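Structure, as C-alpha cells:
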C-alpha cells in the first residue's frame, strides 16, 4: 500500500509542477517527458525515504530492505513510460506526415479540376466569339445588302450628269490656266498661299468619310471593324494622329501620285514612300499600330495630279466630349492648335439629331471662332434623321432650326462596307449620288421646303468649298499682275537709263560730270572740316580709343625710347574724348591731346658724365662753363622728346583728313537716295532745289545734275583719281607743316645766348664738388626744358593750324579743280573708261531688252491664263 501511495503523491507533485511551469516556456517533448519521469522517480524515492523514517519504530522495517525494492520498481516504470511516449511521438509524426501528403494530393486534385474548368470556359468563349463573329459578319453582310439594295433603288448615275468629283470639277482649261498662273507666280517670286481646310468633329461623326466623299475617290482612309481607318470606330485607327492630305497641281501626273512623307517619330518610316491609292490604308495602319497615344506629329500625304488645285485637307482626331478628362483635354489641345490659324477654313462635322440642343460643335467652335466667320457645319447621317419625321411641318421646322447666319449642309454617306465594295471612282461617286437622291426622295415624300435644297448633299458642299478655293486664287491674280507690271516698268526704266548713259559718253558730258563730282566732293570735305552732322557722326565718327585702334601702331603716343606714354583723357581734360567725331572737331581733339602729352612731359635724367663732357674748358679763364652744358643738354633732350611727338601728330592729322573721303562718299550716296524718294537734303523737292540756282541761298551742289551724280558708280577710276589728288595734297601739306615745326628746335648756342643775357651767379665755378655741380646744372636744365616745352607746344599747334588746316580749306579747291580742268579729252576718256563702259552698257542694254521682252510675253500669257481661270462660277451660299 505504501508503494501505491507514494506513486499517487508523486503524480500529485508532477501535476502541481506542470501547472506551475509557464506556458510560454518551450521544451522538447522527449526532454519534457524525461524530466517528468526523473522528477517522479525522485519524488517516489523521497517519499519512500520519508515513510521509512516515519515507520522506523516498527521492528519489521528496521533492516531497510523495502526502500531498495521500491527504487528498482520506479526505474522500470520510468523506462516503460519513456518507451510509450516515444511510440506516441513517432505515431504522431507519422500521422502528421500522412496528413501533409493527403493535403498535397487534395490541393493538386483541386488545381487540376480548376485548370480543366478554365480550359472548358476558354473553349466555350472561343466558340461563343466565333459564333458572334459569324453572326456579326452575317448581320453586316445582310446590312450591306440592304444598304446596297436601298441605294440601287435610286437608279444609276447618268454619265451626262453634272455631278463631278474633285478631280473633274473644273474644265481642263481651268486646270491648265491655273498651272500657268502658278508658274508665273514662282517666276516672279510672288508667294501665293494655299487654302487649308480642317475637318473637325466628335469621334465616329464621319469626318474622314466626308473627306472621301468630298474628294470623290475611295482613298480607303476610313474603316471599321477589322479595317483600320482614320475616322472609323477602331480606336487604334489614324484618328490618333492628324492627317494632312496635300493636293498639288502637277501637269506630269494624269493619274494621281500618292506620296506618304517621311515620319520622324518612327524609324521604319524615316523616308518618303510612293504608294498607290489602294495601298494608302495599309501603310497608314502600320504607322498607327506603332502609335500608342495621341501625338501632335501629323502624317503628311501628298497627292499630285494634273486636275487639281493646290489645297490641303486636314483630318483631325475625333473629339471626346464624354470620355476621361485627361484624354479629352489632350485631343482638344491637338485640335485647337489646328483650328487656331486664322487663314484656315473649318468644316465642323457632327451626326444629325432631332434635338438641336444636343449638338455640341457650335459651342465648341465659338471658343476659337467666336463669330463663326470661317466655320461651315456639316451634319451627317441625315437619312436616319429624316426617317424619324412624318409631317411637312416637322421636317421644315427641323431644317430651319440651325443657328442663324451659319453655313450648314446635311449629307448622308454610304457606310464603310459599301465604300469598300465600290472603291472604283465611278461606282463610288454613283453611291454618293444615290445616297443623296434617297435623301431627296424622302424629303419629297414629306413635301419639304425647296429653299433648303442647296444645303442637302455632298455635291452642293463640294461646289461650295471648291468655289471658295477657286475664288481665293482668283483674288491673287490682281496682286500677281501688279507685281508683273511693276517689274516690267522697272525693266523699261533701267533700259532707258542705260540708253541715256550710253548717249552721254562724249567729252563735253564727261567734263561736266567730272566738274560736278569734284565740286561736290570738295564742298562736302570743306563742310566736314568746318563742322556738320550730315556725315552721320554716330555711324562714321570715332571716339579717341577707336581712332587709336584704327591707326594701329601709330595710334598710341610713344617717347624717344619707343615706350608707350600712358594717357588718362579724363584726368588730362581732353575734350570729347568719348564722343564720336570726324573732320575739324576730330583734329581739334588731336591738338588738345598733343598739348596734354607735351605738358606732362618731363626732362629725362641728366648724368654727371654728360655734364662733365658738355661743360668743356672756358677759353678765357679755363673755368668750366656749366651754363653752356645746361644749354647743350636741354637742346638735345628737347629734340629727343618732342620730335617723335610732332611726327606722330602729323601722321594722325593725315589719317583724320584721309578719312573724310569715305565719309564724303557716304554723304553723296545718302543724297542720291534722298533724291530717289523725292526728297532733297536741302529741304523741299529735289528737282526744284537743283534748278533754283543760287537765288534761294542754295550752294553750288544744288546745281548738280541728278543723272550725273546717280551714275558716278559707273566711273570708279575717275572717283579714285580725284581721291588720289586729295591724298597727295594732304601728304604735301603734312610734310610742309612738319618742316615748319622742326624750325622750333634751336641750337645750343642760341639757347646759351638767351641764357647769358640773364646770368645766374648760383652756378659753381669750381669743379671739385660734383654733387653741387650736378644739382645746379640739373636745375638750370629743367628750367630751360620747361621754357622750351611751352614754346614748342604753342608754336607747333599754331603751325599745324596755319600750314595744314588752313591750306585744306583754301588751296585744296584751287589745286584739285585746276588739275581736273586741265585734263584733255583723251585723259578724260581714259579716266572714265569710255570704251569699256560703252561695251558694258551695250551688253546691259541687250540683257535688259531681253528681260523687257520676257515680261511683255509673260504679261500677255498671264492675261490669257487669268481670263481662262476666271470663268464665272456659281457660288452657292447655304441658307440658314
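Cβ from N, Cα, C; glycine included.
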From 405-408, 409-412, 413-416, 417-420, the residue range that Swiss-Prot assigns the feature region 'G5 motif': 413-416
Chain residues in Cβ proximity to the compositional bias 'Polar residues' (532-543) (below 8 Å; excluding those fewer than six residues from its ends, i.e. six or more beyond): 524, 550, 577-583, 586, 659, 662-664, 666-667, 670, 681
Which of 201, 207, 319, the listed binding-site residues, has fewest other Cβ atoms within 10 Å: 319
The one of 204, 316 whose CB sees the fewest other CB atoms within 10 Å, among these binding-site residues: 204
Secondary structure of residue 207 (GTP binding site) (DSSP, helix/strand/coil): helix
Three-state secondary structure, which DSSP defines for residue 319 (GTP binding site): strand
Overall pLDDT of the region 'G3 motif' (315-318), taken as the mean: 89
